[in-house]
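The following features are taken from TrEMBL:
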- 6-29: transmembrane segment (TRANSMEM)
- 11-165: domain 'Ion transport' (DOMAIN)
- 50-72: transmembrane segment (TRANSMEM)
- 101-117: transmembrane segment (TRANSMEM)
- 129-151: transmembrane segment (TRANSMEM)
Amino acid sequence: MWHPTLIAEALFAIANIFSSLRLISLFTANSHLGPLQISLGRMVLDILKFLFIYCLVLLAFANGLNQLYFYYETTAAEEPNNCKGIRCERQNNAFSTLFETLQSLFWSIFGLLNLYVTNVKARHEFTEFVGATMFGTYNIISLVVLLNMLIAMMNNSYQLIADHADIEWKFARTKLWMSYFDEGGTLPPPFNIVPSPKSVWYLLMWLHTRLCVRVQTHGEDSHKCENLREFTLAAAVWFGSLNLL
């Protein structure tokens, strides 16, 4: 299950998604797509706020349904085609474990879970009724209340950007332009994780600035700061020459 090749393939697939989505940042340069890209960024914040509330609701109902149904867990041999779980053609054991319950409730938002998963093999009609009621209540809260709340939040964020679309877009475009003037990495990934002479040069200059300020703050002899400056600059020139090689 955790074979290195499988993990590498999965990570490479995820990296392909992010590398393709990276092109969205270039939309900022366009006057028509720029405001939409800014609105999308604001909506991501709304989604994160929504997920916090949704996760609490999801965990609450998952605990309840798992507590009700974990007694009725069956083995794969007892199920059709020896398949156990909600990914089977005949879904079963949807609430047998907490992890399986969380998956079941999540996919039920998209209508991928059937109501018969609340049935049990034993003739316990009351358990089935309570389970179906809890399952229905969860869908009402998540689909009718929380989902519409998310849509309202996203609509509000979009409207805020649309009311000042030109100003927001010009600021975002300027930020994109300024990013090309910032100091970036000398080496491309993944080699940028290895410290280069340029990185050491930046470190020495930072130490020089910090230590000189501390010496001057405490009113110590300025010769110490001067000697430190000469040493730092000499080391910086040496590492800078290595960087040019």
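Numbering starts at 1 and runs along the chain as displayed.
Every residue, even glycine, has its Cβ placed from backbone N, Cα and C.
Among residues of the same chain six or more beyond the transmembrane segment (6-29), those with a C-beta under 8 A of the stretch's C-beta atoms are 36-38, 40, 169, 172-173, 175-176. Sequence-remote contacts of a segment are chain residues at least 6 beyond its ends whose Cβ falls under 8 Å from one of its Cβ atoms, and for the transmembrane segment (101-117) they are 58-59, 61-62, 65-66, 69, 86, 91-92, 94-95, 132, 135, 138-139, 142-143, 147.
Averaged over the domain 'Ion transport' (11-165), the predicted model reaches a pLDDT of 89.
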